[in-house]
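Each remark here refers to the structure printed beneath this line.
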Amino acid sequence: MTTISAPTPAHEEPTPRQQLQAAGLRVTTPRLAVLDAVARHPHSPADTVFQVVRATLGGTSVQAVYNVLGDLTEAGLLRRIEPAGSPALYERRVADNHHHLVCRHCGAVEDIDCAVGPAPCLTPSQTHGFAIDEAEITFWGRCPACSESAAPTH
């Protein structure tokens with residue numbers, strides 16, 4: 001007897017398991033744990049991801065988490081951003097063209113939608129022969145909390 005499964009509604013995101021399978025990666029507990037950690041803690045450095053995964057899985061190594069982060073980034077399931085002066089940060093928001101706001105004081109990172117258009121969204125005046133496919137824009141400033149704490153008191 002043939003079983004027919006209901007199609008996934010178009011508005012539902014694929015599960016992490018489905019995303020791994022679609023990317024041609026084996027579904028493993030460490031990969032699922034890293035995807036979950038980054039989803040729960042966006043814009044986190046590898047050390048934070050490691051601590052979250054270790055709290056979830058127990059005996060995992062830093063190297064294993066770095067390997068998984070690399071595999072997931074290469075497969076397009078994670079995005080690695082590298083704000084100047086900061087360690088690499090990882091996020092799950094990969095399916096759109098967006099940029100980042102970074103607080104110079106505390107390092108907080110927020111996503112900001114690109115208002116210009118599709119990737120690369122900005123075109124340099126000279127390409128020097130490069131085939132440009134992405135523009136990574138980082139806006140720097142002070143977040144509301146740091147701006148408030150830096151305000152002079154009378």
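Backbone N, Cα and C define each Cβ position, glycine as well.
Residues annotated as Zn(2+) binding site in TrEMBL: Cys103, Cys106, Cys143, Cys146. According to TrEMBL, the region 'Disordered' annotation covers 1-20.
Overlay of TrEMBL feature records on the structure.
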residue	record	CB count, 10 Å
Cys103	Zn(2+) binding site	17
Cys106	Zn(2+) binding site	12
Cys143	Zn(2+) binding site	18
Cys146	Zn(2+) binding site	16
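Same-chain residues with CB within 8 A of the center of the Cys103, Cys106, Cys143, Cys146 CB atoms, the Zn(2+) site residues themselves not counted, are Arg104, His105, Gly107, Ala108, Arg142, Pro144, Ala145, Ser147.
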